[in-house]
C-alpha cells in the first residue's frame, strides 16, 4: 500500500529505487551544462520581473529539488521563464509601489497561489485545462511576450536608461534615445556582441552553450580590463541561502493576486505540459498531465515560500539537458547543488557581469519564443485561427499581458462556439465506382441523389447553439425536392446532444411527419441514443427508425439489398 502511494505521488522515489549506475555520468554532465544556463537566465528573468537578480537563483534552486521528487517527467528542467517574467512584473509591480522588498514578498505570494491552484487542479484531475489555450492563441501571446521582453531589455543591451512604460512608449523612447546618441558604446558593443555570439552558436548547434561563452568572456574581460567602473554590472549577490521573504503581506494582497495567479498557472502549465509530452513521446514514455500539475504546483509553492517567484518548464534549458544526455531527475538536483555552491563560494563574481551581457541572454531567449513560420501556416490553413493569434498578439501588447491572454481565451471559446454553431454539414449520395455514400459537394458531376431520399450528415455534437441551424438546414434540403419521403440522418459524427437539441430534433421530426416525410437515424452512437431514452423518446426513435449503417437504412427503405460497388 505504502509503496503504491509513494509511486503515485512521489515519482522521484520510484526513479531513485530503479536508478542505473550508467546514468550517473550523463546526469552529472547534463547538470553541469544546464547550470551554466540556469544561473544567468535566472538572474536575467528576475530583472525582467522587476526583482533582484538573486531571486532568480532562489526560484531555480528550490523548484528543481521539489520537482525532482514529485514531478513525473525525468528530465524536465524547471526555472524562471521568459514567458512568465512579464506577467509577474505586470502583477506585482503596481502593488509594490517601488518597494523592492515588498515586490519580492508579493512575487513569493504569487508563486504560492500559482502552486496552490495547480495542486488543486492536479488532485481534481484537471490536466485537460491546457485545451483552453489553443495553439494559435499560444503563438500569438508568446510572440507578443517576446516583443515585450525584447523592448524591456533593449535599453540595458545598449547601456541606455529609460523611464517610459508600456511597449509602445518604450519603443518610441528607445528610438529617440538611440537617435540622440544616448547609447553607451562599450555597453552596446558588449550587449550586441554577446547576442550575436549566442545566436551564431545556437545556429551552429554548438555543444558549448553560447550563454556560457558570453557570460564567462564578458565577466573575465570586465574584471581584467577594469570595465566595472564604466559599465553597469549586476553586482555581487547577497550571501546566504534562500529564506522566507513574505513579511508585510495582507489578505488584500491575496485577493489582488488570485486572478493573475490563475493566468500564470494556465500559461505555465500549458507550456510545461506541451514540452513534457513532446519529450516523453520522443523517449517512448508517457506523462500524467494531472501529476504534472502537482509537480509544478508543489515546486511553485516551495519556491514562493523561500524567496523565489513563479516558474515553469523551460523550452530552452530542458532541450539542452536532453542533448547533454540527461537520464533522470538527478540532473536537476545537480543543477540546484551547483547554484547553491556558486552562491556560497563565489557570490562576488556577478559584480563583474555586465548588465548588457545579461540583457543579451534574455533577448536571445525571447527571440526563441517568436514563431513566424506558425503565423504563415495559419495564413495558409485557417484564417479564423490566424485572427485569433493576431488578436492574442495585439491584446497582450495593447491591453496588457494578463488581460490580453484572458481576452484570447474568451475569443478561443467564442470561436469554438462559432465552429460548432455552423459546423461542416453535407448531403450524401451515391458515386459510381465507390462504396458507401459520399458528400455530393465533393462529386458535383458524378454524384447522384437517391430518389425519394435525402441523406444528411452534421459533423458536430448537437447542442443549444446549433440545434436550430441544423433544423433549418434539413428543412431546406427537403423543401428543394418535392419527391422526398424519407430523411436519413447519418448521425455518426454527432457525439453528444443536449436538452435544447433534443427538443429541436423532435420538432423537426414532427414537422417532417406533417409533410409526409419520415425521419430515420443511422449510425447513431449509443450515448446519444441513451440521451434520447432518458428524455423519454426511446419509443419515438425505436428500432424501426434506427439503423446501424446508412446502407442498411437505404436497403430497408427501398426494399433492396446490394453487394455491388455502388452501395
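Quick reminder: no glycine exception, Cβ is built from N, Cα and C everywhere.
For the transmembrane segment (30-49), the list of distant contacts is 55-57, 59-60, 77, 79-82, 84-86, 88-89, 92, 107, 149, 152-153, 156, 209, 211-212, 215, 234, 309, 314, 316-317, 320-321, 324-327, 330-335, 337-339, 342, 350, 353, 355, 358-359, 361-362, 365: same-chain residues at least six beyond its ends, Cβ to Cβ under 8 Å. Positions annotated as transmembrane segment by TrEMBL: 30-49 (among others).
Look at TrEMBL and you will find 55-70 (among others) tagged as transmembrane segment. Below 8 angstroms of C-beta separation, residues 9-13, 38-39, 41-47, 49, 76-80, 104, 107, 111, 237, 241-242, 291, 294-296, 298-300, 302-303, 305-311, 329-330, 332-333, 335-336, 339-340, 342-343 of the same chain, each at least six residues beyond the ends of the transmembrane segment (55-70), sit close to that stretch.
TrEMBL lists 103-128 (among others) with the feature transmembrane segment.
Under the heading transmembrane segment, TrEMBL lists 140-162 (among others).
Per TrEMBL, the feature transmembrane segment maps to 182-201 (among others).
What TrEMBL lists as transmembrane segment is 208-226 (among others).
As annotated by TrEMBL, transmembrane segment applies to 246-269 (among others). Residues 81, 83-84, 87-88, 90-92, 95, 101-102, 105-106, 108-110, 113-114, 117-118, 121, 129-130, 132-133, 141, 292-293, 296-297, 300, 305, 310-312, 402, 405-406, 409 of the same chain lie 6 or more positions beyond the ends of the transmembrane segment (246-269) yet place their CB under 8 Å from a CB of it.
The transmembrane segment feature in TrEMBL is assigned to 330-349 (among others). Residues 19, 23-24, 27-28, 30-32, 34-35, 38-39, 42, 54, 57, 60-62, 64-65, 67-68, 75, 77-78, 219, 236-241, 321 of the same chain lie 6+ residues outside the transmembrane segment (330-349) yet bring a C-beta within less than 8 angstroms of a C-beta in it.
Marked as transmembrane segment by TrEMBL: 355-374 (among others).
What TrEMBL records for 386-417 (among others) is transmembrane segment.
The average pLDDT computed for the domain 'STAS' (443-557) is 93. Taken from TrEMBL, the feature domain 'STAS' applies to 443-557.
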Would you confirm whether the transmembrane segment (355-374) and the transmembrane segment (140-162) meet the contact rule of 3 or more C-beta pairs below 8 angstroms, pairs 6 or more apart in sequence? yes
Is the transmembrane segment (140-162) in contact with the transmembrane segment (386-417), using at least 3 Cβ pairs under 8 Å (sequence separation of 6 or more) as the test? yes
Counting only residues 6+ away from its ends, which parts of the chain sit with a Cβ under 8 Å from the transmembrane segment (182-201)? 156-160, 208-211, 213-214, 218, 227, 230-232, 354-357, 359-361, 363-364, 367
